[in-house]
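Colleague: Would you mind keeping the following structure in view while I ask a few things?
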Amino acid sequence: MVAGWLTNYSQDSVTFEDVAVDFTQEEWTLLDQTQRNLYRDVMLENYKNLVAVDWESHINTKWSAPQQNFLQGKTSSVVEMERNHFGEELFDFNQCEKALSEHSCLKTHRRTYFRKKTCECNQCEKAFRKPSIFTLHKKTDIGEELPNCNQCETAFSQHLHLVCKKTSQNLHLVCKKTHTQEKPYKCSDCEKGLPSSSHLRECVRIYGGERPYTHKEYVETFSHSTALFVHMQTQDGEKFYECKACGKPFTESSYLTQHLRTHSRVLPIEHKKFGKAFAFSPDLAKHIRLRTRGKHYVCNECGKEFTCFSKLNIHIRVHTGEKPYECNKCGKAFTDSSGLIKHRRTHTGEKPYECKECGKAFANSSHLTVHMRTHTGEKPYQCKECGKAFINSSSFKSHMQTHPGVKPYDCQQCGKAFIRSSFLIRHLRSHSAERPFECEECGKAFRYSSHLSQHKRIHTGERPYKCQKCGQAFSISSGLTVHMRTHTGERPFECQECGKAFTRSTYLIRHLRSHSVEKPYKECGQTFSNSSCLTECV
């Protein structure tokens, strides 16, 4: 009806009244429900045909304001009549049976519905919301060629996307940057060239420490949205890429690539300003935050640098001696809340971090991380002097102090020197009667917590260290170490006098007495070089 007439719009000028039917209030009251429904269907059909030929673009110039309002879903005399006579029924759209709470929502939905339905391809029955996309689809459906990039043959939807306005080259701007490797955006921090403004923004976030993307469930922040997406996959347990060398799984191929560098020791990411290389880009970012002036917080006392003010604030308490977090069980105080939380687990016995390999549980996540290396064999801390590797940083630091031969911590009673203050504190207990670690089962006390842990296995019968050769188990690791020498034949403790070797240091000490006149055990007038001979005499 209307569709055929509208094709001749360019020749004949018309008014809104040519396609619209209107009633007075008196005439409207004479219509029954069926007639009113018919009227509404006819008007909607007319509107559908108008949208089909993109008639909305002509409304502003050819039709009056009331007519525009009707076709664009705004208030008109027809809509007012429907509102008066139908009331709430106006908001139930009869085409898709969707109910809407507001009249404005109905108008928007009606316009979207008919536009979607009218932009429908007769060839493949696909429907489109926008006439421009529908027009493009019709071109591809009839075999019309789209404009292509003359270097990679990528097709684009419109010529204006393809032609560069500055050079008039037949090449899409984004595609042009890909082929020419153009990098017009330069980071002021690292002087790196970047292909787009979005890449520049991400680079600025890395240097500034900005992390705008937050995971609501785990309260973690990320510098860009892709990192947040990968993190969410990790939390869901999705792991896709596996290392062929060690079997470690990763959620992203880029993570696997970074991990492979740990096997090959390749350090491809270099910072231009400082000349230092890194295997992982996050390590570079961390290094930058610590080295770049103006983007960190410095302690005035010792010069130590921090990436955020809260960490600096906690550090300052080391100098002031302030410990605001106190344990209500034993009175021990800490500089930060995390230290108190970890300490409380020593009273409650809580060990929330469990190893999935052997089931062993730990009070701190860092202890679990170190423990996992005993299963994987990973030793990330390697000494450059002798090549010896360690599973944790504390062992590595202790080892590094052995090379210069410096032992700054001296015992005032016996003169023995130590490389760490903690070792000296432990040693001082050998001069005193202090035994702070007591067994709850039998009351026996020990100088060191490790000795108490070993002792408890006597009560529990636990023997976690098992020989893979013969199956014999031991309660302490040193017992397994000594036992393994019976299989390997190793005798590392050798006498400098006669060359005789032993599997244990205690055996060597006892043997050395045979070369000296030392006989410390005295009973019944006789002297003995070792306790076993004394036992036989008794």
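Just so it is clear, glycine is given a Cβ too, placed from its N, Cα and C backbone atoms.
Reproduced below are the annotations present in Swiss-Prot:
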DOMAIN    14-89  domain 'KRAB'
ZN_FING   91-113  zinc finger
ZN_FING   119-141  zinc finger
ZN_FING   147-179  zinc finger
ZN_FING   185-207  zinc finger
ZN_FING   241-263  zinc finger
ZN_FING   297-319  zinc finger
ZN_FING   325-347  zinc finger
ZN_FING   353-375  zinc finger
ZN_FING   381-403  zinc finger
ZN_FING   437-459  zinc finger
ZN_FING   465-487  zinc finger
ZN_FING   493-515  zinc finger
Colleague: Can you give the mean pLDDT for the zinc finger (353-375), rounded to a whole number?
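Modeller: Summing pLDDT over the zinc finger (353-375) and dividing by its length gives 84.
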Colleague: Looking at the stretches 297-319, 381-403, 465-487, which one shares the most CB pairs under 8 Å with the zinc finger (493-515)?
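Modeller: Looking only at 297-319, 381-403, 465-487, the most contacts with the zinc finger (493-515) come from 465-487.
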Colleague: In the zinc finger (493-515), how many residues does DSSP call helix, how many strand, and how many coil?
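Modeller: Breakdown, helix to coil: 8 helix, 4 strand, 11 coil.
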Colleague: Six or more residues beyond either end and a Cβ under 8 Å away: which residues meet both conditions relative to the zinc finger (465-487)?
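Modeller: Hits for the zinc finger (465-487): 454, 457-458, 503-504.
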Colleague: Using DSSP, what's the helix, strand and coil tally for the zinc finger (353-375)?
Modeller: 11 helix, 4 strand, 8 coil
Colleague: For the zinc finger (353-375), find every same-chain residue at least 6 residues outside the stretch whose CB is under 8 Å from a CB in it, and list them.
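Modeller: Same-chain contacts beyond the flanks: 342, 345-346, 391-392.
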Colleague: In the zinc finger (297-319), how many residues does DSSP put in helix, strand and coil?
Modeller: 11 helix, 4 strand, 8 coil
Colleague: Run through the zinc finger (437-459) and tell me, per DSSP, how many residues are helix, strand and coil.
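Modeller: Computed counts for the zinc finger (437-459) are 11 helix, 4 strand, 8 coil.
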Colleague: How many helix, strand and coil residues does the zinc finger (325-347) contain under DSSP?
Modeller: 11 helix, 4 strand, 8 coil
